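Q: According to Swiss-Prot, the record shows the following:
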- Asp250: active site, proton acceptor (ACT_SITE)
- Gly88, Gly90, Arg91, Lys111, Asp123, Gly124, Arg174, Arg181, Asp260: ATP binding site (BINDING)
- Asn251, Asp260: Mg(2+) binding site (BINDING)
Amino acid sequence: MTVHFPFQNSYSALPDSFFARVAPTPVAAPRLIKLNRPLAVQLGLDPNMLETPEGAEILAGKTVPDGADPIAMAYAGHQFGQFVPQLGDGRAILLGEVIDRDGVRRDIQLKGSGPTPFSRRGDGRAALGPVLREYIVSEAMYALGIPTTRSLAAVVTGEHVIRETALPGAVLTRVAASHIRVGTFQFFAVRRDTDAIRRLADHVIARHYPELLGTERPYHALLAGVVARQAELVARWLLVGFIHGVMNTDNSSISGETIDYGPCAFMDAYNPAQVFSSIDEMGRYAYANQPRIALWNLTRLAECLLPLFGEEQEKAVEQAQDILGAFPETFSKAYQAGLRKKVGLFTERDGDEALIQDLLDAMAKNQADFTLTFRRLGDAAGDPAADDARAEFMDPAAFDEWARRWRERLAAEPQSAAERQTAMNAVNPLFIPRNHRVEAVIQAAVNDDNYALFEELVKVLAKPYEDQPDYAAYADPPLPDQRVLQTFCGT
């Protein structure tokens with residue numbers, strides 16, 4: 001019995017300059033570590049078949065399923081502000097596309113499946129640690145309600161990859177609305193290939209923004225659509241304390257999904273200047289810098305689209321600037337609305353923004369845990385005697401002074417205390433992928449081939465907003481000797 005993938009490929013039908021055709025490199029002894037069964041069903045796949053040895057071979061790239069048209073996508077990108085005219089998929093191969101049960105076209109890609117023409121002296125492989133990290137964090141982001149690529153499966157290859165040392169090799173099966181990036185447009189812009197830019201833009205509109213088909217200025221509207229999605233996405237990141245870590249233009253998705261989880265991390269103690277990525281030495285992609293960087297990336301996209309805006313270059317630049325000018329307001333609106341919900345304010349009044357900023361300033365000064373402070377505020381909103389939020393502050397008096405003003409403001413809200421607590425708990429997670437927990441999972445898997453911690457963490461993070469008494473310890477911030485100070489890309 002064969003494993004069937006109902007491929008309906010479109011990107012591989014574009015001109016050859018958009019990609020390189022390349023098959024995955026077979027591996028020695030693939031073994032399935034984790035299959036995301038609900039996602040498999042959503043994609044129209046048979047999870048029981050994927051869990052067979054034959055399924056593991058496909059998910060590891062050892063065999064290519066019928067209907068696949070494997071390609072490595074071409075793109076360029078600004079990496080930490082420096083432009084690289086050719087990057088491309090150096091260790092990822094797009095098997096093809098399927099239409100899921102909601103009628104949405106989804107890419108199925110293998111990460112770590114061997115070298116491609118874009119590998120730049122790399123081995124095209126992935127180590128087990130980064131594969132598990134992306135599986136954990138991408139699925140946690142999905143459960144948090146944040147647009148993201150998904151993880152269908154993690155497979156160990158039976159081979160080792162050489163990084164600083166020999167590490168177990170693995171392959172991640174990644175699912176995305178698409179893998180088209182700002183850097184994809186840059187690849188053709190630097191080559192002055194306007195026809196390819198138009199072809200790519202038309203493909204993106206048909207795939208991600210079909211409501212723009214037939215409009216008077218579709219390319220202007222496309223830029224506006226990407227600006228809006230990115231502004232709202234980054235606002236959602238900030239609202240859960242997420243730091244992407246490597247917001248290069250080749251990691252900026254046109255569909256508005258979070259993509260590429262290399263050195264990502266969630267904050268423990270609130271610090272607007274927080275950086276975890278070992279390669280972000282200047283703090284370019286620090287927590288509070290993320291909106292500014294998103295706009296910078298979108299400006300690079302706008303530059304690529306200018307030739308499609310019309311022959312009058314000066315006018316085209318003005319139009320692009322007007323569209324980009326919507327980003328700050330769109331971001332601020334989404335971010336402030338989210339913050340109000342996090343503190344239980346479901347109507348908008350003068351002074352709300354200042355009240356919330358005072359809380360954030362006090363949290364930063366007191367090194368209060370970002371996630372738990374907001375979650376405990378929900379408890380305090382439901383029960384005035386609850387003081388768990390107060391316990392997050394080194395100077396409890398600082399919280400008391402703020403809480404007095406907050407309660408006065410809550411009195412003007414129409415909800416009952418119980419309704420408010422329920423609403424706050426629906427936006428303030430209790431469980432996030434704490435860095436020390438992710439690290440413990442990786443160490444157990446890499447050193448002992450033990451995946452019990454991995455399974456348990458994935459299970460807990462699937463319900464981030466629910467109280468899970470049996471797993472309460474997963475909500476705890478790290479002890480001083482458990483703190484993860486740096487994260488690594490793993491490539």
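Cβ atoms are placed via backbone N, Cα and C, with glycine included.
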Q: Between the Cα atoms of Gly88 (ATP binding site) and Asn251 (Mg(2+) binding site), what distance do you get, rounded to the nearest Å?
A: 11
Q: Could you give the maximum C-alpha to C-alpha distance in Å for the residues Gly88, Gly90, Arg91, Lys111, Asp123, Gly124, Arg174, Arg181, Asp260 that bind ATP per the record?
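A: Pairwise Cα check on Gly88, Gly90, Arg91, Lys111, Asp123, Gly124, Arg174, Arg181, Asp260 gives a maximum of 23 Å.
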Q: Relative to the Cβ position of Gly88 (ATP binding site), how many further Cβ atoms are located within 10 Å?
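A: So the Cβ neighbour count for Gly88 (ATP binding site) comes to 22.
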Q: Of all the binding-site residues here, Arg91, Arg174, which one's CB has the most other CB atoms within 10 A?
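A: Of Arg91, Arg174, the one with the most crowded Cβ is Arg174.
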Q: Could you check the recorded positions Asp123, Asp250 and say which one's CB has the fewest neighbouring CB atoms inside 10 Å?
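A: Each of the recorded positions Asp123, Asp250 was scored; lowest Cβ tally within 10 Å is Asp123.
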Q: Work out the three-state DSSP category of the residue listed as 'active site, proton acceptor'.
A: helix
Q: Taking DSSP as the reference, which of helix, strand or coil describes Arg174 (ATP binding site)?
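A: Arg174 (ATP binding site) sits in a strand per DSSP.
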Q: Look up Asp123 (ATP binding site) in the DSSP assignment and report helix, strand or coil.
A: coil
Q: In sequence order, which same-chain residues at least six apart have a C-beta under 8 angstroms from Asn251 (Mg(2+) binding site)?
A: Gly77, Arg181, His244, Ile259, Asp260
Q: So for Asp260 (ATP binding site), how many other CB atoms are inside 10 Å of its CB?
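A: Taking all protein chains shown, Asp260 (ATP binding site) has 25 Cβ neighbours within 10 Å.
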